[in-house]
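J.: Dumping the structure here so I can ask a few things about it.
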Amino acid sequence: MGEIKENVPLPKTKPSTEQDVTDELDLRMKKYLRGEGANLEGLKDKKLKGQLAAKEDLYGKSAKAAAKAEKWLMPSEGGYLEAEGLEKTWRIKQEAIAHEVDISSSRKQYDIILPELGPYTLDFTSSGRYMAVSGRKGHLGIVDMINLSIIREFQVRETVRDVAFLHNELFFAAAQKKYPYIYNREGTELHCLKEHGPVLRLQFLENHFLLASINKFGQLRYQDVTMGSMVGNFRTGLGRTNVMQVNPFNGVVSLGHSGGTVTMWKPTSASPLVKMLCHHGPVSALAFHSNGLLMATAGKDKKIKLWDLRKFEVLQTLPGHANTLDFSQKGLLACGNGSLIQILRDVSGTQNYSKYMTHSMVKGYLIGKLVFRPYEDVLGIGHSMGWSSILTPGAGEPNFDSWVANPFETSKQRREKEIRSLLDKLPPETIMLDPSKIGTVKPRRERPTKQEREAEIEAGVEAAKGMKLKKKTKGRNKPGKRVQKKQEAVSRVKRPYLEQKIQEEESISRKKQKTSEDVELPKSLQRFARKKASS
């Protein structure tokens, strides 16, 4: 018989020490920090130095909290397609991806063919649980994406141009031939919004409970769906457009126009906040990153541009057409044109996008709208023959916050969330380009002293006297005329200071006149009035 060996116990893994944990947290913090901290040693202003030091401390605390949440509270990790050697990720087909994933994920890849009712457009709820579909020929429906079952579908027997969910899956709006309508989950018509007219595009602002629409006459309207009141009604003055998107960061509605401009609007301003020339042809598509700082535009000039909204500058220009654009939660950019879909990815994290995936529809299937499904690696496609879904690894956020969006919420949780969101509803006045300015104090403009004002006047007068005049001919270069021109320049410099001085003197004299006037007090207060000194 062979020699019997005793069972050797497996070596126990050394438990991670406190130092290892802190080192790991420091590495994770670098991902959330905003670069190197500001150098505050050279600042002489103590107040400014204290404010900046408090902000830097706050940034460090928030980065540490995010790193801790990532380490201990996030069970799932997102993954992307990874190529080996000379292999390219954009050459990998959907059949190969479906062959490698699990059964539940492979079910998310499907094609619904309804050629008589298309083209189709789609919209998802914020949790990604439900999808609303609308066909151009009047087909409307709501689909439960977890069970892949149709909750309700009906036919309105007229043209439907767009569809958008309201605050949850119980209500949705459809832009029909003459007016937009609001339906409930059972397909019952609740409201007809006749003030909006023949609407082309719809967008819903979740935090403000506002339904925004743009009609064929170029009129932008905002309607409060809680009170039913019209909050804003503006004429853009730039013609008909069907390119409309909401910035999720600040709630600003952006429109793309036929002149190549993009305008940004808020419901309390009759003129656009920003009007920027993005393309040398009509704007065909528009999309915003979830952080609100990156905007993608596509135009008929065969260019796709990425914009930094902090400086309104172009970060990257890519060649190509796109009739629809959409950003995923993790920053993937989907571009659709004809029957071809391209998905771009920022590999280095420096807003330098490159080709990540491609997908070709069946010849003749014209893509109308691309929408990423939240919290899933899925891209929804509305096309001329129905709607489809493809797998896009790394698109969705792998961990959902049940207080923000819960795909598995019960009816009780949904009711509580609806009440909470109504209580937290933001007024339309809070919509602005930089929402971080809300609640801050407007800095007071300090008036210059008398000595500073006199120094400015002297500097302006010296600059006007030393001004070089053009040499003119035919008697127009006489010394008298040259002196007269210099005197006019000096008086032009002094004029604003003199006007300001006159205004100050008038305001002082007005105040003196008010105080000198006898004010007749009521009898009950006359005994408290200051008595005039007897002569």
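The backbone N, Cα and C atoms fix where each Cβ goes, glycine too.
It should be emphasised that the depicted structure is a prediction, and the values quoted were computed from it without experimental measurement.
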J.: Looking at 1-22, 177-198, 221-242, I want to know which stretch TrEMBL calls region 'Disordered'.
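T.: Checking TrEMBL against the ranges 1-22, 177-198, 221-242, the region 'Disordered' one is 1-22.
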J.: What does the DSSP secondary structure composition of the repeat 'WD' (276-317) look like, as residue counts for helix, strand and coil?
T.: 0 helix, 25 strand, 17 coil
J.: Just give the helix, strand and coil counts over the domain 'BING4 C-terminal' (355-435), going by DSSP.
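T.: Helix, strand and coil residues of the domain 'BING4 C-terminal' (355-435) number 17 helix, 24 strand, 40 coil.
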